[in-house]
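Reviewing the structure listed below.
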Amino acid sequence: MRKMLAAVSRVLSGASQKPASRVLVASRNFANDATFEIKKCDLHRLEEGPPVTTVLTREDGLKYYRMMQTVRRMELKADQLYKQKIIRGFCHLCDGQEACCVGLEAGINPTDHLITAYRAHGFTFTRGLSVREILAELTGRKGGCAKGKGGSMHMYAKNFYGGNGIVGAQVPLGAGIALACKYNGKDEVCLTLYGDGAANQGQIFGAYNMAALWKLPCIFICENNRYGMGTSVERAAASTDYYKRGDFIPGLRVDGMDILCVREATRFAAAYCRSGKGPILMELQTYRYHGHSMSDPGVSYRTREEIQEVRSKSDPIMLLKDRMVNSNLASVEELKEIDVEVRKEIEDAAQFATADPEPPLEELGYHIYSSDPPFEVRGANQWIKFKSVS
């Protein structure tokens, strides 16, 4: 009897040392998965599109929630560091658009490729880099993903080609990456992203044409967040049906605020490209909470009420949270624990990003050539290694 009481005492003692929420989560039986109805995609030159129901596992749901919260908190921390003048220069935040970067990544393979414009922090994270590397890049430190030389608009990772500062210029590059996939006989696709503000660029239509001619495995993706800088899509485009703008290229319009819609549409598009049918176009209808950049307050061309309405009715993180809680895939307490862990991760990364040293001046000329540069050509001078004065 004494042994039994001692065993019970040890169990209770161990439980008392853990947070109450963790004890409750550990003792609760959650569903392994749940089926959800999702919004039907609008189609162009397609007889059928992505499914209108999808299964979400508890494991995937928790992973997506953590990733979206991480992107959200990372962007809010970047906002804070910018206002403290620790981050300088251009800075474009993607809070509100988390379902796009996380949902797209959930629909492809790590060996697939992705290229985007300058609102790239979220994609840099979902492609596999850490918050520490991203924030350190924003602050221009040696530990940044581009050694502190790229900043907000020029981040890179394996199979992630930026972060490009010229509006629309990444789209022909994405078609070129898809050409390389086909030329090398690899079962890979390239996600080529651009915004509604870039959608009227002539180079994009040229990329459409070549991709269709050569049947390239390229998924053209227009992130339609309703505004190109401060200009609404209705004032900028004669046709706002961006998923139809490829004309001869099939397209689909997707609810970009719903991660499950984005995931299923991406899986559909990737399968289409892998089958050898050529390119496809996706329009993700999304919304950014911040202004175009940090110099844009974001309320001169739209109202605060409009922003708040989207936050209250269509927030991608809240939508996933409600689904998971209501279907017994997770508890409110468990998701709150994730929130706490994410906040700590962001704070730790921010401390590193402010304490890490800046790259010395002599590294200014590094990482330009893949091998020893041909300085003897045309009498070019050797790079002079200046000593850093910082």
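Using N, Cα and C of the backbone, Cβ positions are placed for all residues, glycine too.
The transit peptide annotation in Swiss-Prot covers 1-29.
Feature annotation from Swiss-Prot assigns N6-succinyllysine to Lys63 (among others); the stated evidence is similarity to another entry. Taken residue by residue with DSSP, Lys63 (N6-succinyllysine) is part of a helix.
Of all the Cβ atoms in the protein chains shown, 24 others lie within 10 Å of the Cβ of Asp196 (pyruvate binding site). According to Swiss-Prot, the pyruvate binding site annotation covers His92, Tyr118, Arg119, Ala157, Gly165, Val167, Asp196, Gly197, Ala198, Asn225, Tyr227, on the basis of similarity to another entry.
The feature thiamine diphosphate binding site is assigned by Swiss-Prot to Tyr118, Arg119, Gly165, Val167, Asp196, Gly197, Ala198, Asn225, His292, with similarity to another entry given as support. DSSP assigns His292 (thiamine diphosphate binding site) to coil in the three-state reduction, placing it in neither a helix nor a strand.
Residues annotated as Mg(2+) binding site in Swiss-Prot: Asp196, Asn225, Tyr227. The Cβ neighbour count for Tyr227 (pyruvate binding site), using a 10 Å radius and every protein chain shown, is 22.
Look at Swiss-Prot and you will find Lys244 (among others) tagged as N6-acetyllysine, backed by similarity to another entry. Within 10 Å of the Cβ of Lys244 (N6-acetyllysine) there are 19 other Cβ atoms, across all protein chains. Lys244 (N6-acetyllysine) falls within a helix when secondary structure is assigned with DSSP.
Feature annotation from Swiss-Prot assigns N6-succinyllysine to Lys244 (among others).
Under the heading phosphoserine, Swiss-Prot lists Ser293 (among others), citing similarity to another entry as support. Close to Ser293 (phosphoserine) in the fold, though at least 6 residues off in sequence, lie Phe90, Cys91, His92, each with a CB less than 8 Å from its CB.
Counting every protein chain shown, 9 other Cβ atoms lie within 10 Å of the Cβ of Ser295 (phosphoserine). The feature phosphoserine is assigned by Swiss-Prot to Ser295 (among others).
Just so you know, the Cβ of Ser300 (phosphoserine) picks up 9 other Cβ atoms within 10 Å once every protein chain is counted. Taken from Swiss-Prot, the feature phosphoserine covers Ser300 (among others), and the record attributes it to similarity to another entry.
A 10 Å cutoff on Cβ-Cβ distances gives Tyr301 (phosphotyrosine) a total of 15 other Cβ atoms nearby, all chains included. Residues annotated as phosphotyrosine in Swiss-Prot: Tyr301.
Cβ neighbours within 10 Å of Lys313 (N6-acetyllysine), excluding its own Cβ and spanning all shown chains: 10. Residues or ranges marked as N6-acetyllysine in Swiss-Prot (evidence: similarity to another entry): Lys313 (among others).
Per Swiss-Prot, the feature N6-succinyllysine maps to Lys313 (among others); the stated evidence is similarity to another entry.
The feature N6-acetyllysine is assigned by Swiss-Prot to Lys321 (among others). Using a 10 Å radius centred on the Cβ of Lys321 (N6-acetyllysine) and all shown protein chains, the other Cβ atoms total 20.
For Lys336 (among others), the entry in Swiss-Prot reads N6-acetyllysine, with the evidence type similarity to another entry. Taken residue by residue with DSSP, Lys336 (N6-acetyllysine) is part of a helix.
According to Swiss-Prot, the feature N6-succinyllysine maps to Lys385 (among others), an assignment based on similarity to another entry.
When the CA atoms are compared, the recorded positions lying within 10 A of Gly165 (pyruvate binding site) are Tyr118, out of the candidates Tyr118, Tyr301, Lys313. His292 (thiamine diphosphate binding site) has Arg119, Tyr227 nearby among the recorded positions Arg119, Tyr227, Ser300, Tyr301, Lys313, Lys336, counting only those with a Cα within 10 angstroms of its own Cα. Sequence-distant contacts of Tyr118 (thiamine diphosphate binding site), defined as residues of its own chain at least six apart whose C-beta falls under 8 angstroms from its C-beta, comprise Phe90, His92, Ser152, Met153, Gly163, Asn164, Gly165. When every Cα pair among His92, Tyr118, Arg119, Ala157, Gly165, Val167, Asp196, Gly197, Ala198, Asn225, Tyr227 is compared, the largest distance found for this pyruvate site is 28 Å. Each residue contributes its Cα atom, and for Lys336 (N6-acetyllysine) and Lys244 (N6-acetyllysine) these two points are 41 Å apart. All protein chains shown were included, and the count of other CB atoms within 10 Å of the CB of Gly165 (pyruvate binding site) stands at 17.
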